Amino acid sequence: MMDGFGDLREVRVYIVDTTAFIQNAPLQEIADNVITCPEVVSEITNKRQLRRLVVLPYDLNVKEVFSEHIKIITEFAKKTGDYPSLSATDIKVMALTYQLEKEKNGTSHLRLEPLMQRPLVTTENIVSDMNPDVTGFFLPGKSKNCVESVKRCENLVDQDNKDMRESDIESDDVNESSTAESSDDENAGWITPSNIEVAKKHVNSELTEEKHVSVACITTDFAMQNVLRQMNLNVCSLDGRLIKQLRTYILRCYTCFKTTSIMTKKFCPKCGNNTLKKVAVSLDENGKQQIHINPKKPLTARGKKFSLPKIRGGKHPNNPILVEDQPMPDNRPSRLARTKNNPLDDDYIAGFSPFVMRDVNSKSAQLCIRPNQEFKHWMKKIQMKLVEKENDFSYLP
C-alpha cells in the first residue's frame with residue numbers, strides 16, 4: 001500500500017488527478033473504482049506515461065462533469081482565493097468529486113461558505129491593547145514597593161545563574177574524555193539515503209488521518225486540497241503531502257496597501273497599478289482581519305527593469321496591457337476571409353465546402369491569433385517562421 005494514505009481500503013470511488021498517472025501510483029490496491037475526466041487523460045503527453053496508461057492494471061472510468069457543478073466549484077474557489085491558482089482541468093476534477101459525492105452521500109454535510117481561520121485567544125494581548133482612558137475602566141499603576149520587589153528577585157536570579165555557570169565549567173572538564181568516544185555517533189539523527197524511506201514513513205504516519213470514506217479525490221495540488229477540504233470533501237495524497245491548515249486568500253496591493261477579495265482582478269482598484277499580490281488572511285481574537293505576508297516570496301522585478309516598447313498601431317499591434325480600461329483590438333477576420341465561407345456571396349469560389357467555418361488564409365489565421373486569446377511574447381518567432389514558410393516559393397521552377 002502506498003505511504004501517506006492510511007487505511008484507505010474503505011475508499012470505494014477514487015477521482016484521480018494527473019499526478020497519480022505521472023507517478024504510476026498503484027491505485028488498484030486501495031480503490032475499487034478509479035474515475036477521472038477526459039481533460040486529465042489529455043494532459044498526459046509523455047510516451048512512457050502513455051504506455052503505462054494503455055496497460056493499466058485496473059479499469060479507468062472516464063466521466064463528463066455537469067456544468068452546474070463546475071459553476072459551484074468555481075464560485076467556491078473564488079471565495080477561498082484559490083481561483084487564480086487553478087486550471088480548468090483542476091476545477092473539473094473537483095467538480096467531478098462534488099458530483100459523485102452528491103450521488104453517494106448527498107450535499108447536507110458540504111459547506112457553501114469557506115471557513116475563516118481564527119488563532120488561539122490569549123488574554124495577555126487583550127489586556128495590553130486595552131486603553132486605560134476608556135470611560136468605565138480603571139487600570140491601577142504599579143506601586144513603588146512592587147517595583148522594588150521585582151528588582152530584588154532579578155538580583156537573586158542573576159546570582160543563581162552565576163553559580164550554575166561555574167558548575168557547568170567544572171562538568172565540561174570532566175566530560176572532555178567522553179566526547180572523544182562519542183565522535184563516531186556524530187551522524188546520528190541525520191537523514192541519509194539508507195534511512196530516507198523510514199523517515200518518510202515516520203513523517204507520513206504523523207500527517208495521515210485515518211478515515212473511512214466512500215468518495216475521495218487524490219491530488220498533490222495544495223490549491224485543490226484547500227478548496228476540497230474547505231468544502232468538506234475527502235482528499236487523499238501521494239506520500240502524505242497534505243496541507244496542514246485551511247487558508248483563505250485575498251489580493252493586496254503593495255503600492256497603496258489596498259485589499260480586495262475579487263480574485264479575478266489584475267490591477268489595483270484604487271491606484272490602478274499591476275501590483276496585486278496574493279496573501280493569506282485570518283481573523284484575530286477581536287474579530288479583526290489579519291493579513292499574513294510570506295517573506296519567502298519577495299516582490300518580483302519583472303516588467304520593471306527595461307523600458308516599455310513604443311505603442312504601435314494597426315490590426316495586430318500586440319501592445320502590453322498597462323491599465324484595466326485599455327482598449328483592445330477585436331482581431332476580427334477580414335472581409336475577404338468572410339466571403340470565402342459565404343456560399344451566397346457573388347465571389348464565392350466553387351469547390352469549397354459551405355460548412356467550413358475555419359479561417360486559414362487571413363493574416364490573423366497565419367499569425368495564430370484568435371479573438372479573446374492572450375498573446376505571448378515568445379509566440380512572435382514561431383509566427384514569423386510560419387509566415388515565411390507559407391510565403392516561401394523557392395521550390396517552384
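Each residue, glycine too, has its Cβ placed from N, Cα and C.
Automated prediction, rather than curation, is the source of TrEMBL annotations.
Residues or ranges marked as Zn(2+) binding site by TrEMBL: Cys253, Cys256, Cys268, Cys271. Within the same chain, residues at least 6 positions away in sequence whose Cβ sits under 8 Å from that of Cys253 (Zn(2+) binding site) are Thr259, Cys268, Lys270, Cys271, Asn273, Thr275, Leu276, Lys277.
If you look up TrEMBL, you'll see 158-168 marked as compositional bias 'Basic and acidic residues'.
What TrEMBL lists as domain 'Ribonuclease PIN' is 15-100. Mean per-residue pLDDT, taken over the domain 'Ribonuclease PIN' (15-100), amounts to 89.
TrEMBL lists 243-314 with the feature domain 'Nin one binding (NOB1) Zn-ribbon-like'.
Per TrEMBL, region 'Disordered' is recorded for 158-190 (among others).
Here TrEMBL flags 317-341 (among others) as region 'Disordered'.
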For the Zn(2+) site built from Cys253, Cys256, Cys268, Cys271, further residues of that chain with CB within 8 A of the site's CB center: Thr255, Phe257, Lys258, Pro269, Lys270, Gly272, Asn273, Thr275, Leu276
Those binding-site residues listed as Cys256, Cys268, Cys271, and which of them has the most Cβ atoms within 10 Å of its own Cβ: Cys268
Within the domain 'Nin one binding (NOB1) Zn-ribbon-like' (243-314), residues counted as helix, strand or coil by DSSP: 0 helix, 20 strand, 52 coil
